[in-house]
Every structure is written in C-alpha cells, then in structure tokens.
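Report on the following structure.
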Amino acid sequence: MQRTHDLIVIGAGSAGLTAAGGCGQFGLKVALVEKGPMGGDCLNTGCVPSKALITAARRAQEMRENAKYGIADTEPKIDFHAVHAHVQRAIASIAVDDSQERFEEEFGVEVIRGEAKIIDGSTIEVNGRTLKAPRICLAIGSKPFVPPVGGLADIPYLTNETIFDLTERPEHLLVMGGGPIGMEMAQSFRRLGSRVTVIQRGKAMDKDDPEAAAIVVGRFQAEGVDIREDTEVKAVSKTDSGIAVETDGGDTILASHVLVATGRTCDFAGFGLENAGIEWSPRGITVDAKRRTTNKKVYAIGDCRVGPRFTHASGYEGSLVVLQVALGLGGKADYTALPWVTYSDPELAQVGMTEAQAREKFGEKAEVTRRDFSHNDRARAENDTGGFLKIIRKGKTILGATIVGPHAGELLLPWSLAIGGKANAFAIGGAIVPYPTRSDISKQAGYGVWEPTIFGSWPKRWARFRAKYLL
Ligand SMILES: Cc1cc2nc3c(=O)[nH]c(=O)nc-3n(C[C@H](O)[C@H](O)[C@H](O)COP(=O)(O)OP(=O)(O)OC[C@H]3O[C@@H](n4cnc5c(N)ncnc54)[C@H](O)[C@@H]3O)c2cc1C
Ligand SMILES: NC(=O)c1ccc[n+]([C@@H]2O[C@H](COP(=O)([O-])OP(=O)(O)OC[C@H]3O[C@@H](n4cnc5c(N)ncnc54)[C@H](O)[C@@H]3O)[C@@H](O)[C@H]2O)c1
C-alpha cells in the first residue's frame with residue numbers, strides 16, 4: 001500500500017498538537033487522529049480547569065484576608081454553579097486554539113475524529129480507514145492511577161477527569177495523594193468553602209525541595225486543610241452519611257467526596273503496540289533520547305512515554321519530532337533545565353536540580369545561595385514576605401533553582417537560561433531590574449554568587465592602590 005500521509009500523529013493533546021501543527025506548517029501531509037475532545041488532558045481535565053479554579057479560590061481567600069490592608073475581612077458568598085461556569089468558560093476560550101478547524105485551516109492537517117489502532121510500524125486503522133505513513137507519532141497520554149485500596153471500586157470516587165464537572169460544592173473532600181494535583185485541588189476546594197483532608201503516603205510534594213514544600217504545607221494548614229502525611233488509605237466504604245475512609249493509623253474519616261490523585265499510569269492493551277514491536281509498561285512507552293520507541297520509525301512523546309509529565313514537556317517533545325521528521329535535525333531531549341511549578345499559594349517553582357539532588361551528585365561541591373522574600377521591598381510593601389529563592393550551584397555554574405512565594409513560577413526564567421548556559425549569575429546580578437519587583441530577588445541572588453569574588457583580596461588591593469596613587 002502507498003503512503004497516505006507523511007506523518008500520522010495519534011492524540012491531539014499538547015504533544016500531538018505540537019507535532020502535527022509543526023509538521024503541517026512545513027507542508028508535510030499530516031493526519032492527526034483524536035478519539036476524544038481536541039486539546040487532551042491539559043485543556044479539558046488538567047492545567048486549564050485547575051488554574052481557572054485556583055483563580056476563583058484565590059479571589060475568595062483574598063476577601064478573607066483583607067484586614068491586614070485596612071479593608072474589612074468578608075466571608076465570600078460562593079456560588080459554586082457560577083464557579084463551574086467560570087472554569088468551563090476558561091476551557092472554551094482556549095479551545096479555539098486547539099480546535100479541529102484551526103489545525104485544518106491554519107496548518108493544513110487532516111484531523112480525524114476516532115479511535116486509532118496500530119496495525120504495524122507504518123500503518124494504523126481508524127473508523128474503518130487504513131492510513132500509512134513512513135513515520136508515526138504516538139501522543140496518546142496517560143490516565144489516573146487508582147491504587148488497589150479495598151472498596152474504592154465500589155464508591156463514586158473523583159479523578160481529574162470528573163472533578164471539574166462538579167456543580168455542587170463538596171461538603172468534605174478527601175484527597176488521596178499530596179502531589180501537584182492533590183495539593184492544587186485541596187487548597188482550591190478549601191478556599192471555596194469545603195472541608196478538605198489530604199492523605200499522603202510520604203511527605204506532601206515529595207518531588208520538591210522539602211524546605212519549600214514545608215512552607216506550602218504550613219500555609220495549607222493555616223487555611224484549615226487537614227494534611228495527614230505518612231498515612232495511607234486502607235479501605236473505603238459507602239455509609240448512609242457519606243464515604244468512610246479508614247487510614248492505616250486506625251482513624252476513620254467521614255467524607256462526602258473522595259478525589260484520587262495518586263499519580264498516573266498507562267494502559268495501552270488492545271491498541272496494537274505489540275504489532276509494531278513497541279515496548280511499554282504501566283510507566284509508559286519505552287523511548288530513547290530522541291523519543292523513538294523500540295520501533296525506530298515510531299515516536300512516543302508526552303505523557304504516554306516514560307518521563308516527566310507536564311504540558312511544556314509534551315510541547316517540547318512535539319517540537320523535537322517536528323525537527324526530526326520535517327527537517328532531519330538532531331532532536332535529543334535535554335531536561336537539564338526542566339522547570340515545573342505547583343500553583344499552590346504560595347507557588348512552588350523548580351528548575352534543574354534540587355539542593356538534595358545536587359548534594360547527592362556533587363557532595364560538598366554543591367553550594368546554595370539563598371535570598372528570602374522578607375528582604376524584598378515589593379514583598380514588604382505588599383505585606384506578603386513568606387518564601388525564598390535558592391540557587392543551587394557548583395562554583396559559579398548554576399545547577400538549579402527553587403523558588404517558593406507569590407508568582408514564583410514567573411520568576412524562574414533567568415535561572416532556566418543560566419542552567420542552559422545562555423545567561424549566568426554575573427549577568428543576572430548585574431542586570432538593571434525595575435524597583436520594586438519580586439524579580440529583584442534574582443538579581444540579589446546572582447550578585448550573592450559573585451559578592452565574595454567582587455570584594456575579594458585582589459579587587460580590594462587594586463582599589464587601595466588606586467585610592468593611594470591614582471585618585
Ligand atoms: C489536574 C491536572 C493539572 C495539571 N496541571 C498542569 C500544569 O499546570 N502544568 C503542566 O505543565 N502540566 C499540568 N498537568 C499535566 C498535563 O496536563 C499533561 O502533562 C499534558 O496534558 C499531557 O499532554 P499529552 O499530549 O502528552 O497527553 P494528553 O493531553 O493526555 O493527550 C492524549 C490524547 O490522545 C488521545 N488518544 C489516546 N488514545 C487514542 C487513540 N487510540 N486514538 C485516538 N486518540 C487517542 C486522548 O483522547 C487524548 O486527547 C496537569 C495534569 C492534571 C491532570
Ligand atoms: N502544576 C503542574 O505542573 C501539575 C499540576 C497537576 C498535575 N501535574 C502532573 O500530573 C501528574 C499527576 O499528578 P499527581 O499529583 O496525581 O501525581 P504525583 O505522582 O506527582 O503525586 C501523587 C502522590 O500520591 C502519593 N500516593 C500514591 N499512592 C498513594 C496512596 N495509596 N495513599 C496516599 N498517597 C499516595 C504519592 O506518594 C505521590 O506523592 C504529574 O505527573 C504531574 O507532573 C502537574
């Protein structure tokens with residue numbers, strides 16, 4: 001059979017849209033197959049609805065905390081139907097960018113709505129049609145991992161796929177898992193008026209810097225979120241008054257709703273990966289640095305492969321596929337400067353290595369330069385001085401940065417560039433930064449890295465010499 005397309009992309013989430021749109025823009029004949037709504041998890045059940053909900057929740061919380069600015073505190077009146085409508089509006093406004101019409105009209109991609117199956121390494125089937133291309137790109141995502149907890153299958157638990165459909169506020173939301181999904185949702189629902197309990201197996205936000213995570217956890221507790229760390233759910237059961245959740249510590253918590261946010265998994269049984277010799281496990285599809293599967297003509301990008309699961313990682317890998325397929329260029333994934341942000345309040349932002357990772361790799365050669373927002377004039381003027389910036393480095397080489405505080409995610413960029421070698425602490429420390437901004441904390445930290453050198457013995461000797469003989 002002749003090729004029908006130059007590239008077949010399966011999955012129209014952040015990863016697949018980028019790969020298909022980019023190759024389409026280069027004039028390749030691209031098929032993009034999607035079985036659900038365009039935009040995938042990020043648009044419909046992930047980043048977008050969660051950030052919209054977080055915004056509504058923050059507005060509510062600000063009303064409760066106004067007195068410190070001389071404005072009376074007020075308990076907000078929350079119309080949960082209207083909050084739901086706001087979340088749906090946010091999805092609708094971004095959906096235009098991910099729409100079938102746009103990909104067809106702007107990028108010349110053939111969008112096919114249906115469930116694809118792999119026939120072999122260059123052939124797929126969808127809606128009874130057979131498509132053939134020299135390259136296939138799998139961008140088929142992941143799904144919520146539901147742990148084998150007794151009784152869970154018998155209760156109507158929520159996941160990220162259903163929680164944004166709620167039009168009534170949960171009375172008491174029990175969140176299983178203190179990762180980014182669990183934490184972002186826990187604070188949002190608490191601020192919108194629910195009672196919230198988080199059950200976390202180890203420490204909450206366990207992939208992040210523990211000192212930064214502790215600041216976030218402290219804030220949650222101050223707002224009334226009941227966080228139970230080092231605790232596991234043993235069993236759940238439905239009772240007349242709600243859902244009884246038994247913990248391994250012997251407590252029973254009565255909740256109205258349970259959100260399962262215990263990580264992601266993959267189940268590609270029946271999709272046909274074995275027909276193309278593609279290896280996978282529940283952790284994802286096996287890939288190399290170029291995101292090629294064990295069948296070198298088939299790529300797997302974004303959440304469906306083993307690796308970090310973020311929208312920006314999916315988009316980045318989509319663009320690597322465009323480089324390789326359309327232009328025949330390199331395309332190895334480099335995550336030395338991978339950033340991630342948990343949009344709790346305060347935000348927790350990380351790029352590159354955490355302090356613990358750097359210490360494990362470099363021992364005493366790993367150093368930390370830290371600046372607290374309590375010394376940042378904008379934070380002081382705003383009476384919101386919690387949090388810090390930590391630069392993790394080896395000598396003057398920047399390995400990572402951790403920021404916790406308001407807008408932390410917006411402050412990462414100079415450090416991403418520094419880790420990638422496109423900026424450095426000296427340049428950041430010497431930049432003219434508008435006063436008063438929170439980003440001044442980066443200048444202070446950059447300067448801090450160089451301060452001992454600038455005021456070292458040689459510059460001082462030179463200054464004394466100048467003062468004595470040349471002034
Ligand atoms: C609640 C939540 C909040 C999040 N917040 C953030 C955030 O703030 N920032 C961030 O960076 N990341 C965030 N993420 C993670 C982010 O959403 C994902 O990393 C990203 O959406 C993955 O994109 P993807 O394209 O790889 O997969 P997906 O978006 O899952 O897309 C896969 C697509 O493939 C389709 N598909 C699957 N099988 C087939 C088939 N056989 N045939 C046809 N189509 C198929 C699916 O229908 C789906 O549309 C969040 C996730 C969740 C759950
Ligand atoms: N802001 C963001 O970038 C953002 C936001 C939400 C989600 N995401 C992405 O979505 C994915 C899923 O997020 P997540 O929070 O579900 O996963 P996660 O794996 O990051 O966190 C899940 C947590 O649940 C805990 N856990 C697992 N089983 C448990 C059990 N039985 N009882 C109690 N705790 C248990 C784990 O120890 C872990 O800390 C992640 O890959 C993340 O990158 C990103």
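Cβ atoms here come from the backbone N, Cα and C positions, even for glycine.
Unlike curated entries, TrEMBL annotations are predicted automatically.
Note that the coordinates shown come from a computational prediction; the quantities given were computed from them, not determined experimentally.
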Per TrEMBL, G177, G178, G179, P180, I181, G182, M183, E184 bind NAD(+); matching candidate in G108, G250, G263, G270: G263
Can you look up which of C23, C47 is joined to C42 by a disulfide in TrEMBL? C47
DSSP three-state call for G177 (NAD(+) binding site): helix, strand or coil? coil
If you count other CB atoms within 10 A of each CB, which of C42, C47, I181, M183 wins among these recorded positions? M183
When a 10 Å sphere is centred on the Cβ of G179 (NAD(+) binding site), how many other Cβ atoms does it contain? 19
Residues among the recorded positions C42, C47, K51, M183, D303 that border ligand 2 - Cβ under 6 angstroms, in sequence order: none
Contacting binding-site residues for ligand 1, chosen from G177, G179, M183, G263 when the Cβ sits under 6 angstroms of any of its atoms: none
